[in-house]
Amino acid sequence: MDVLHWDGTLSAKDFRIGAFAFAQKWESCNLAFPPWSWLPCPKHPWLAPPEEEGYLSLEKICISRPNEEEDIDQISQIDTGEEETCCSRNEDVLDDATLVQSNHHELHYCDFHIVYSSTFRVPVLYFRAYCSDGRPLPLDEIEKELPACASKELSKKWTFITQEEHPCLKRPWYKLHPCGTAEWMKLLFLSDTANPKFEVVLELYLLSWFSVVGQVFGLRISLKISN
Amino acid sequence: MEAPKFVWEGAIPLQIHLHESQVTTLPPPPPALILAPRIGYLPLLAPLIKPYFSSTLPPGVDTIWFDYNGLPLKWYIPTGVLFDLLCPEPERPWNITVHFRGYPGSVLIPCEGEDSVKWSFINSLKEAAYIMNGNCKNVMNMSQSDQLELWHSVMNGNLEAYQRVSSKLKLATVDDEYASLCLQKSQQSVIETDLPAQAKTGRVPVRLYVLSVSKDFDDLDEIPRVDSWEKISYINRPVEIRKEDKCFTLHDALKILLPELFLDESLMNVKLGGVDLEDAVRNSNEDVTSDKVVEDQGQNACKRPEACRISSSAEIKLIRIQGIEPKLEIPFSWVANNLLNPDYFLHVCVCVKVAQ
């Protein structure tokens with residue numbers, strides 16, 4: 001497929017391929033985080049089974065921000081750390097978490113699911129947040145935990161948050177609205193002077209996409225993977 | 001324009017009981033009788049319902065929600081669709097229970113009154129627009145006043161106002177194959193009328209709801225009550241109307257939506273509304289023994305004409321759109337243009353009997 005005439009969307013099959021490529025790259029480079037896992041959708045009896053029938057899941061990610069410095073510290077570690085140092089610093093990150101707990105700062109966690117939308121033909125980020133005792137966090141409390149740059153992102157039209165049913169789990173989750181995704185994904189790849197082949201686009205699609213939507217949660221992707 | 005008028009005027013007579021845990025007076029208040037628009041949403045009835053029960057409620061903050069036989073009703077599904085889905089044998093009046101306390105937040109999306117319903121509606125409209133036009137700019141860029149007018153037209157069931165505002169969204173409808181068929185039949189020349197120059201699209205936003213029933217039944221009133229949303233699957237799927245020599249029917253659309261239920265249909269004489277569909281459908285699954293043919297034909301002697309055994313392990317017992325059971329040979333374009341909800345989605349309810 002000619003990327004110049006590509007509309008920025010993925011088929012269900014492409015999504016699955018892209019999702020596996022993303023999960024693999026993530027696992028090999030982003031050691032500060034657990035790996036994404038591919039979960040099958042609970043089977044809808046009789047409904048047209050699109051090939052995807054599954055989604056990526058990354059759960060129990062701590063999003064608490066005790067203070068700004070620590071946050072920046074953590075991000076820079078993920079950003080610049082080489083694989084080995086990343087590994088050793090990874091322990092520091094965990095140590096921080098222990099420290100936080102002893103400071104009586106309540107920890108908040110987030111679950112992220114990447115689900116394919118057959119309407120918008122793009123990946124959609126669903127999330128929910130909760131305290132360590134499992135109590136769900138309402139949106140205004142989640143927003144307090146998000147890094148300062150998130151509010152800037154959220155004020156833009158294409159990343160607003162709505163509460164909707166998780167398409168597979170049929171429970172209330174939050175999602176970043178996908179109606180602009182195809183458009184900015186297309187721009188993202190068109191601006192690439194190399195004019196890559198569609199197979200390459202597919203390989204990098206979810207990574208590029210997540211490097212944008214992940215910012216809302218301060219989840220920065222190591223530069224190493226994206227290169 | 002007859003059919004949309006019927007759709008917009010469609011209403012469900014509700015008999016609403018206050019949940020016993022919230023009754024603090026003796027005698028308990030009598031149920032409220034309210035006519036609920038099919039295209040409306042349950043929380044919008046709050047201003048009508050509350051006066052009936054406000055004097056008996058315990059102190060506290062009101063958060064309204066409803067259940068039917070203990071099943072929390074999802075408020076973001078239009079009232080008419082809930083009724084079609086959960087009452088295969090229509091119950092009139094429909095006895096549902098209202099709660100003002102104890103919102104089941106793990107099952108239902110929180111509802112903070114009319115505003116939540118409005119945004120849910122707009123989001124749905126946006127999704128439909130994306131399916132039809134490939135983008136939702138027209139919905140996103142709607143002026144504040146148009147958006148309000150559109151929403152009020154839905155709330156008040158004002159079809160004229162709705163058509164006036166929604167036409168600005170330029171959500172192209174599909175060519176009505178039924179109308180053009182009639183024109184040709186009546187020997188009239190097909191004249192290019194002064195229709196607005198809209199781009200015609202073949203993508204129809206469909207929200208399909210499937211109720212699976214494992215118990216065998218002959219009559220609809222034998223269907224066991226739905227006690228969990230687990231028994232219902234629903235998805236949004238665009239259906240592409242394919243331009244072929246023959247008319248693209250509702251049957252063709254369902255075949256795309258529920259392929260597993262139509263696997264071996266050419267083996268049977270499916271009689272639907274007196275029309276033999278055997279010749280009309282092409283079969284992709286030939287590897288069934290002749291024994292099965294006999295079996296399928298034997299089981300085909302069903303009481304309800306529209307109940308057809310389509311796959312050997314499951315059968316579609318009922319298809320309901322806007323409260324009616326349409327014949328499957330109706331052109332899908334007619335269904336899409338006339339039976340859609342104001343959010344531009346065609347909500348289709350199907351009841352499937354699953355063999356155990």
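Even glycines carry a Cβ here, placed using N, Cα and C.
What TrEMBL lists as domain 'Autophagy protein ATG5 UblA' is B:7-100. Confidence annotation: the domain 'Autophagy protein ATG5 UblA' (B:7-100) carries a mean pLDDT of 95 in the model.
The DSSP breakdown of the domain 'Autophagy protein ATG5 alpha-helical bundle region' (B:114-170), given as helix, strand and coil counts, is 47 helix, 0 strand, 10 coil. Residues annotated as domain 'Autophagy protein ATG5 alpha-helical bundle region' in TrEMBL: B:114-170.
Here TrEMBL flags B:203-350 as domain 'Autophagy protein ATG5 UblB'.
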**OP:** Tally the residues of the domain 'Autophagy protein ATG5 UblA' (B:7-100) by DSSP class, grouping H, G and I as helix, E and B as strand, and everything else as coil.
**Re:** 29 helix, 26 strand, 39 coil
